Amino acid sequence: MTDYAAHQQALDRDCLTLSRHVLQQLQSFDAAAQDLSALMNRIALAGKLIARRLSRAGLMEGVLGFTGAVNIQGEDVKKMDVYANEVFIAAFKQSGLVCRLASEEMAQPYYIPENCPIGRYTLLYDPLDGSSNVDINLNVGSIFAIRQQEGTDLDSTAADLLQDGHQQIAAGYILYGPSTMLVYSLGKGTHVFVLDPSLGEFILAIENLQIPASGAIYSVNEGNFWAWEEPIRNYVRHVHRQPGYSARYSGALVADIHRILMEGGVFLYPGTQKNPAGKLRLLYEAAPIAFLVEQAGGKASTGTQPLLDVVPDHLHMRTPLIVGSPENVALVESFIQQTPAQPTVTQV
């Protein structure tokens, strides 16, 4: 490649921003396409604001630690949880793009006030996944999904959101790490963007990311070993005996999923004997991640059925999650269904 060609390629890459990519994906400039592009831009803005605050967290008062409150999930609320949730609301309240926002941090959806422009979409999100990592400066993330409102929701129950994961229009996450990355899908592949701080723009880094068919990584909180059902314990015993496997678990779903997408393997958050439904929420954690991974050629399951087929019965419903490379997920499923198969594992 000549110097000129390399220069042009670099310029083309720097000009392929998130909003431009969304419009290219939709192959349209109609009102719906413009709205989705604007939605993604607002999500990106929220990500930039959260990334900026995280980068200064150790230097600012009132950023680290707990608020003293407990959220709808029964979890202690971090100060950054509150900030991140408020950022998403502020980014969308005056946008005219959404009619409501539903979050891990709110018992009921936030409805756009009548004195503000109201759109036709719903944003579901986990504003700060893995927030327990903030105080020790490890990776955290934001997870999001976009759905279109169906019906009027006059009773404010958001019952139209209780549909399977195939109804998501878009899904993605923002990873706050050494660089800030935004990974998204509109159902046309999975694409990776990196925030260029000098431009203030998310620039395309990987188009049509493909997860390896199998991988050596298994990501699970083994501290729960004796709380699991026997099939999950048997799977973990199996990988302990096999050469080539490597355990990686950070406590932040976004960070662990990003590793699995890039390197292959499997992430598990199974149910326990006490809580068979597990910990992860379906609508704004598990389903968006499943959508992304399947668009990258991976597989997502509850262990007994495809994750995207699950229909929630309430907004904050939980689900077990097994997600990653197709061969690795199938192996875990085989233990749950009591038909163990031999995996293909890359040596490390």
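Including glycine, each Cβ sits where the backbone N, Cα and C put it.
Because the structure is a prediction, the values reported are computed rather than measured.
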For the substrate site that Swiss-Prot assigns to Asp129, Gly130, Ser131, Ser132, Asn221, Tyr249, which of the candidates Lys274, Lys279 is also assigned? Lys279
According to Swiss-Prot, Asp126, Leu128 bind Mg(2+) 1; identify which of Glu86, Glu104, Glu150 is listed for that same site. Glu104
Asp126, Asp129 bind Mg(2+) 2 according to Swiss-Prot; which of Glu230, Glu263, Glu285, Glu294 goes with them? Glu285
Report, in whole Å, the straight Cα-to-Cα distance of Asp129 (Mg(2+) 2 binding site) from Tyr249 (substrate binding site). 14
Tell me, how many other CB atoms lie within 10 A of the CB of Asp129 (Mg(2+) 2 binding site), whichever protein chain they belong to? 30
Non-site residues, in chain order, whose CB comes within 8 A of the mean position of the CB atoms of Asp126, Asp129, Glu285 at Mg(2+) 2: Glu104, Tyr125, Gly141, Ser142, Ile143, Leu253, Val254, Leu280, Arg281, Tyr284
Per 10 Å Cβ neighbour count, which of the binding-site residues Gly130, Ser132 ranks highest? Gly130
